[in-house]
Amino acid sequence: MEAISPAIGPKLLLSPPPKNKNLSHRISPSPLRLLRPFNTPRCVISENKSASIDFSDHDWKPKFQKDFEARFNLPHITDVYPGATPFPSTFCLRSRSPVSEDFADGYPSDEKWHGYINNNDRVLLKVIHYSSATSAGAECIDPDCTWVEQWVHRAGPREEIYFKPEDVKAAIVTCGGLCPGLNDIVITLEIYGVKRIVGIPFGYRGFSDSELSEMPLSRKVVQNIHLSGGSLLGVSRGGPNVSEIVDNMEARGINMLFVLGGNGTHAGANAIHNECRKRRLRVAIVGVPKTIDNDILLMDKTFGFDTAVEEAQRAINSAYIEAHSAYHGIGMVKLMGRSSGFIAMHASLASGQIDICMIPEVPFHLHGPHGVLRHLKYLLETKGSAVVCVAEGAGQNFLEKTNAKDASGNIVLGDIGVHIQQETKKYFKEIGVPADVKYIDPTYMIRACRANASDGILCAVLGQNAVHGAFAGYSGVTVGICNTHYVYLPIPEVISFPRVVDPNSRMWHRCLTSTGQPDFI
């Protein structure tokens with residue numbers, strides 16, 4: 001098999017899912033739910049969608065809901081082992097007695113603990129009933145924006161579990177780039193009664209490199225790691241092929257794997273899950289969304305994002321001071337965001353100091369009567385200074401394309417920040433207007449710091465719910481926050497493409513109101 005990458009496994013096809021419940025882990029994202037690119041009409045109906053739904057059929061709505069329920073059905077251990085026997089949960093906060101030797105008896109308690117989640121509990125995925133396809137941010141299934149309920153599974157501890165803690169060897173792996181807040185899975189595993197917990201060093205690479213030994217983990221080891229940035233285990237991109245990873249898991253006796261990372265990492269986790277199912281292994285693979293880019297579908301946000309936005313304020317404030325203190329000063333800040341401009345948008349809105357914000361989702365011109373440079377000239381004439389924020393993936397059409405890719409399979413981007421800096425200096429020199437341009441690139445600084453309080457809480461709850469999901473017998477799923485509630489989602493539904501900023505969303509409109517910038521086209 002090919003090495004782990006965002007393109008791992010077969011490409012996700014836009015076809016209806018199989019109706020067999022036991023094949024739910026193979027469900028591909030349906031064409032019925034696609035986010036709207038910036039250059040398509042507001043009503044979210046593609047040609048594929050129109051071909052898939054017959055709106056003249058009076059039963060199209062219940063059929064859509066049935067299809068949605070099938071796609072979001074969570075892969076479970078009973079799909080492979082129909083006769084798998086559940087056990088009473090060993091997780092109960094009513095009684096804090098030590099775990100008995102017979103884990104299947106659970107914690108002793110005089111009365112029923114009402115802290116468990118029912119398997120039929122659901123969370124509403126969409127909460128706004130758009131009355132028109134022209135409403136800001138509208139996501140419509142049909143031309144009339146019919147309200148269609150879409151429910152996803154609620155996360156949390158179940159009353160019955162499918163793994164005996166004494167038989168569990170749990171492994172944790174962190175992949176991709178750094179991100180604040182990598183902790184809390186270990187403590188929850190210990191509360192269940194798991195004694196064998198290990199960390200796989202340096203991402204998926206740790207499954208194949210004989211020089212990298214697994215790291216024993218316990219509450220004592222991890223209790224203070226949240227006070228520092230980065231990962232105790234280390235991170236890396238790429239790694240061995242899927243078959244080799246599963247071979248290694250079998251050899252080590254790992255039957256729970258928690259994978260922390262972004263879209264590419266989750267694609268790898270899904271491939272590992274499918275390989276384990278192919279071999280009929282009783283293994284739970286659960287993802288935890290870790291990316292400062294906030295670009296994973298269906299989730300309110302991923303952990304690390306709030307900290308990155310907060311840390312970006314330091315760079316923006318420095319750029320503002322430099323620009324404000326200089327004659328015709330221009331401060332430029334480049335922030336992370338390969339395909340999604342969430343960090344740049346939120347950092348610009350939060351700072352209140354940005355005059356121009358450029359993101360990958362919104363095209364712009366640098367030159368010409370409506371270009372960025374002409375607006376900068378206007379700002380210098382009217383304000384005396386200007387502050388610019390640009391996401392790293394913005395304006396790539398101005399740069400020479402390259403076929404180079406990193407270890408995760410991502411195309412290596414050109415440096416748009418340096419390009420705009422150089423073009424700005426050149427422009428003002430040509431028109432004979434003095435301009436003092438200061439460029440700041442805090443790229444890695446905003447992700448290498450300690451998680452703030454918001455991310456710390458989010459990371460802790462996601463980690464706890466990942467453990468609950470694994471013990472409940474789910475695999476090939478990830479945990480996320482949706483409309484302020486914590487949910488489980490099948491991994492294929494969140495990795496089909498990156499989540500992006502909707503240029504017609506209220507948040508982007510708010511950013512434009514804050515900056516006062518015009519359309520640069």
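Quick reminder: no glycine exception, Cβ is built from N, Cα and C everywhere.
Here the structure is a predicted model, which means the values were calculated and not measured.
Checked against TrEMBL, the range among 1-26, 27-52, 79-104, 495-520 recorded as region 'Disordered' is 1-26.
The 10 Å shell around the Cβ of Gly238 (ATP binding site) contains 17 further Cβ atoms across the protein chains shown. Cβ neighbour count for Gly264 (ATP binding site): 24 (other Cβ atoms within 10 Å of its Cβ, all protein chains included). Set side by side, the binding-site residues Asn263, Thr265, Thr291 differ in how many other CB atoms lie within 10 angstroms of their CB, and the most is found at Thr265. Looking only at the binding-site residues Asp293, Glu392, the densest Cβ neighbourhood within 10 Å occurs at Asp293. Cβ neighbours within 10 Å of Gly337 (substrate binding site), excluding its own Cβ and spanning all shown chains: 27. Rounded to the nearest whole angstrom, the C-alpha distance between Gly262 (ATP binding site) and Gly337 (substrate binding site) is 13. Ranking the binding-site residues Arg237, Gly238, Asn263 by Cα distance from Gly337 (substrate binding site) puts Asn263 first. For the domain 'Phosphofructokinase' (170-468), the model's average pLDDT works out to 90.
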